[in-house]
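Student: Dumping the structure here so I can ask a few things about it.
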Amino acid sequence: MSLNKAVLEIRQRIKVKPSPTNEPAASWTGTDLVNGVQTKTLTVIFKSAGCRWGKAGGCTMCGYVYDCASEPPSLEDYMAQLEKAMRKAEKFPEFMVKIFTSGSFLDEQEVLPEARDAILKNLTEDPRVTKVLVETRPNYVTEENVQACLSILKNKPFELAFGLETSSDKIRRDSINKGFTFQDFVHAAETAKKYGVTVKVYLMLKPLFLSERQAMEDIIRSIDDAAPYADTISINLCNVQKGTLVEALWEKGQYRPPWLWSIIEILRQAKAAHPELPLMSDPVGAGSKRGPHNCKICSSEVADSLRTFSLTQNPADLSTADCECKELWKKVLEIEDFTYGTPILD
């Protein structure tokens, strides 16, 4: 069975409850480092017509495909979603807006151009919005739609975010089933740069079928490869989302989310190699069985140190906790490659 077929079979078994098309899938506020300054942010996950790649199977770890609308939202629906999300930032004097969907904001079959343009126009006219980021698969980036976005945003800074996950085409194909190549990303990033648009790259630590050590080596190599094209690199730590192939294998004891010690070591090495490149990681679900974790004693502290480092870029803020589980992690790195893919510890 192909990887895509395995993912698609799981998708087809999941029943998604209908939900209002005039409400975002999610929205929240936070703080990001933007041009070296800690900046308030509003993240909006728009409920869209759905990820085109996800409908055909999609990525092995992604449960966001279930966040799409039961029917394509209208222009009015999209504006209502934006209005509801913006209320969460009403007390901020200024903030950055980060736009996501269950797929790609620049896919015109997922988000109609008139809806895309209306959202950007609304944000352009709000003087509090200092920058706009949108996430998209690289194959939907064209000179035409980049120019269209810029013409609406006028002088407001614009950023494109890409879920590259890894610079390895083999891992992206055989572990993630992502459906595009590193060169697809390079072409999209170069198109963005041509028009003065900044680029954010998302990498993912420990997709399926990699040992802990292999996963660490992959991310360190991927940071080196993506650095020439990225203004910021954010490392997502794979977590176990419902209705995914990752979950199916995790339930069988054939997958363990990454150790938090792994991302600590990755960031130390990568920051030394790329001192001027902003590197960040938000350990979603840290400390839980489904999320990246060490032991119960140190997971919370180590996760907090990652969040602090993401804002300060100071390697001294990365946890140096002397926990007993650190020795276990080191032992995992030594011997896991010899256990034929079976995780040593849960």
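Backbone N, Cα and C define each Cβ position, glycine as well.
Computed from a predicted structure; not experimentally measured.
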Student: Pick from CYS51, CYS68: which one does Swiss-Prot list with CYS59, CYS62 for the same [4Fe-4S] cluster site?
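Tutor: That [4Fe-4S] cluster site, as Swiss-Prot gives it, pairs CYS59, CYS62 with CYS51.
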Student: Across the domain 'Radical SAM core' (36-276), what is the average pLDDT of the model, as a whole number?
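Tutor: Mean pLDDT, the domain 'Radical SAM core' (36-276): 98.
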Student: Tell me the Cβ contacts of CYS62 ([4Fe-4S] cluster binding site) under 8 Å, same chain only and six or more apart in sequence, or just say none.
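Tutor: Spatial neighbours, sequence-distant, of CYS62 ([4Fe-4S] cluster binding site): CYS51, GLY54, GLN241, THR244.
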Student: Return the residues near CYS59 ([4Fe-4S] cluster binding site), defined as same-chain residues 6+ apart in sequence whose C-beta is under 8 angstroms from its C-beta, sorted by sequence, else 'none'.
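Tutor: Within the chain, CYS59 ([4Fe-4S] cluster binding site) has Cβ neighbours under 8 Å at VAL7, TRP53, ILE176, ASN177, LYS178, GLY179.
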